[in-house]
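Features reported for this protein in TrEMBL:
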ACT_SITE  Arg141  active site
ACT_SITE  Lys165  active site
ACT_SITE  His234  active site
ACT_SITE  Arg237  active site
ACT_SITE  His260  active site
ACT_SITE  Tyr269  active site, O-(3'-phospho-DNA)-tyrosine intermediate
DOMAIN    1-80  domain 'Core-binding (CB)'
DOMAIN    101-282  domain 'Tyr recombinase'
REGION    1-25  region 'Disordered'
Amino acid sequence: MAGTAGRDSKPAASAQSADSGRSDGARQIGAAWSAGAAGPLPVSEETIVLYLAWGYSRRLSARTLARRLAALRSLFAFLRERGLLARNPVDSSTNPRLPRHLPTFLSLREVQKMLAVPDTSTLRGQRDSCMLELLYAAGLRVSELCDLQLQALDLQTGLVRVFGKGNKERLVPIHGQAQARLLSYLENTRPAFQPRAAHVFVNRRGQRLTRQYVFTLVRDAALACGITRPVSPHTLRHSFATHLLEGGADLRSVQTLLGHADIAATEIYTHVQTARLMRLHHQFHPRSRS
């Protein structure tokens, strides 16, 4: 059985684990081998290549194939742990290249309008205003904002210690206005929520705020400003990066501030700048209007 897997092993693999990735992988490999195959089939790197070719022939998107390849990798890792495979045949496979969409961002004026939306005469508005300010001031991911704890703040130096993807740590500076708003929230607003958690931002029960709450907050603030296109917390992160580059920041510094492991993830913002410059050129150059 070592080094093989087949259709008749799929139910066993699915039954041994509740992991949806493995069961999805079992379904996909079963579909790829359903053309009259009987008994176990050898699993090799070539098999995975043929499976990807099968997916492309059926016009599956690169995103779908990448998800399925990840599911197969999980399934075969499960089988290898139990001695049913000598090695994971997916390990040598490269994920399909996903299309990269240009990030959407807000103008500085739009951001300023959004930051002014919360009613700061209320405790909730003071907290929400501080969250919006920090999302934009530090370019945080929504999970980083929700997970932020008191011990991560150094308001004397204006630094925030952030734990991003893969629990990677980075230090992000925040400007004076964000420092002042955060200090006011911590001294005057947060204690009123009677916090029972070490998280910076808590709800009325003193517990950590959810990602969904932050998504709703950002969406509603954008709508209140008359912004009709979709806006999420990540839009503020995109705006943070774009505005830094427009202001003259170098790409490596922005990469560090965003916590990108690969600078290629940051380079997409240069494409945003290029597209914007092209629009401005077409709009204002006299020969473009002729």
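If you go along the chain as it appears here, the first residue is 1 and each next one adds 1.
For all residues, glycine too, the Cβ spot is worked out from N, Cα and C.
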For Arg141 (active site), list the number of other Cβ atoms lying within 10 Å of its Cβ atom.
19
If you count other C-beta atoms within 10 angstroms, which of the active-site residues Lys165, His234, Arg237, His260 is the most crowded?
Arg237
Could you measure between His260 (active site) and His234 (active site) for me? Cα positions, answer in whole angstrom.
14
Length of the line joining the Cα atoms of His234 (active site) and Tyr269 (active site, O-(3'-phospho-DNA)-tyrosine intermediate), in Å:
13
In terms of DSSP three-state secondary structure, what is the assignment for Arg141 (active site)?
coil
Can you tell me how far the Cα of Lys165 (active site) sits from the Cα of Tyr269 (active site, O-(3'-phospho-DNA)-tyrosine intermediate), in Å?
19
